[in-house]
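Here's the structure we're looking at; comments come further down.
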Amino acid sequence: MTTQQAPAIQVHGLEKSYKELHVLRGVDFEVARGSIFALLGSNGAGKTTAVKILSTLLKPDAGTARVNGFDVATQAANVRESISLTGQFAAVDEILSGRENLVLVARLRHLKNPGRIADELLERFSLTDAGGRKAATYSGGMRRRLDIAMSLIGDPPIIFLDEPTTGLDPQARIEVWQAVRELADRGTTVLLTTQYLDEAEQLADRIAILHEGRIIVNGTLDELKQLLPPAKVEYVEKQPTLEDVFLTLVGTKA
Amino acid sequence: MSKHFFGDTTVLLGRSLRHITRSPDTIITTAIMPIAMMLMFVYVFGGAIRTGSDSSYVNYMLPGILLITVASGIAYTAYRLFMDMKGGIFERFQSMPTARSSVLWAHVLTSLVANLISLVVVVLVALLMGFRSGAGVPAWLAVAGILILFTLALTWIAVIPGLSAKTMEGASAFSYPLIFLPFLSSAFVPTASMPGPVRFFAEHQPVTSIVNAIRALFTGQPVGTDIWVALAWCVGILVVAYAFAMRTYRRKIS
């Protein structure tokens, strides 16, 4: 009974306050199916609060939100069937191995053959060799990959990624970007929050800027660029960025 | 209650039990303090304590030591819950189509299992130190029943800081007063030897009746009204702690 034609996410007039602090002051946006939507904002702009409301972890004070056609307030169980949340901190069980983490989530999603699902995801995220090791021994990028792999179990049509690359080194960031692009290629709707402008620029089909609890602009990258005066042609010597230098020196595969 | 409640609780219980088998130090640390106290009291102070009975002092103090074991064990319950909250894995589980309260119940049952193992270890050490009991199977079962009820009551108290603490120290500090409560009871010396106000407190706090009931069961004496007072305390604390814990929990997930 999911409404396939409706947008994957519809948010209208969303408000949320913590005591005196008005975190969201009327947020509206829609996310089309199969697209990558970036919620861009500085720290404290309300990105995480919005994601928590959409993933049924918080209740809004006002406004409505529909995810996969289901109302987050009244049909929370259906929403949870439709989504996966990858929170701000890689939420993996450090004491379990990578494979055990995946098996655990597959069991909690009541799927058959949890072991096979785990092995396939380890393979897909290049974690097969590390699969038997405790997640506590993983690097930041590996943890994030495992985290995202855990989110994919059960093929939820919508995935929330809350600041997926915060605290990662440049190589790990590129690995995560690659994983997000693959997700979108498979038709998954991705809503990601980020404070990095280049991340939104690299990944998103549409970008919304959340500022002081409101969406101040919402559009494609080109539309956003048109908000400023037209480009001038200037000749500037192209210097490699420090990131280019770093990645060349350490020889990344991406 | 969700149709997946039992299945999900079993899966999550398996997860936390695996944590315990991979870091058995939590069980050892839980058991070591009461064992150290037992050694000190029996071999250092015990000679000077007049309990009014001829049997070995270890027989007299074991019930109190068992309660101290549980009181120190539940600090780990709060700690495990706190780590799940802080690491984001609690939110991951809550945003999945699982029976939501399973996450909490798995922690409660893990606490029960871990504390029972610690209790068995402490009793075995007590046997080596000369603890002897003429109690038959029904009396031992009654002791086990009281200890299980006591553990559950204290576990639900531990859930409250586990869910709401801001720091790891805060999550486990609440157990210190619980560990010291047996010292102001009939656990180590008869209450008759205490000065008026202290004696009044000691005779009307839960530990005394629980200690007296277990002691009577171990020595094969009639339990009198102590066992009913003890059960009333355990059930009363359990109900109140459960209500507060659920209120804290509901506040966390709304």
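One-based numbering along the chain as shown.
Cβ coordinates are placed from backbone N, Cα and C, and glycine is handled just like the others.
Quick look at what TrEMBL lists:
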type	residues	note
DOMAIN	B:25-252	domain 'ABC transmembrane type-2'
TRANSMEM	B:27-49	transmembrane segment
TRANSMEM	B:61-82	transmembrane segment
TRANSMEM	B:103-131	transmembrane segment
TRANSMEM	B:137-159	transmembrane segment
TRANSMEM	B:171-189	transmembrane segment
TRANSMEM	B:227-245	transmembrane segment
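The transmembrane segment (B:103-131) shares more Cβ pairs under 8 Å with B:61-82 than with any other stretch in the list B:27-49, B:61-82, B:137-159, B:171-189, B:227-245. Per-stretch counts of Cβ pairs under 8 Å to the transmembrane segment (B:171-189) identify B:61-82 as the leading one among B:61-82, B:137-159, B:227-245.
Counting only same-chain residues 6+ beyond the ends of the transmembrane segment (B:137-159), those with a CB under 8 A from a CB of the stretch are 66-67, 70-71, 73-75, 77-78, 81, 104, 107-108, 111-112, 115-116, 119, 174-175, 178, 210, 213-214, 217-218, 220, 227, 230-231, 234-235, 237-238, 241-242, 245, 248-249. Sequence-remote contacts of a segment are chain residues at least 6 beyond its ends whose Cβ falls under 8 Å from one of its Cβ atoms, and for the transmembrane segment (B:27-49) they are 20, 56-58, 61-62, 65-66, 68-69, 72-73, 76, 114-115, 117-118, 121-122, 125-126, 129, 179, 188-189.
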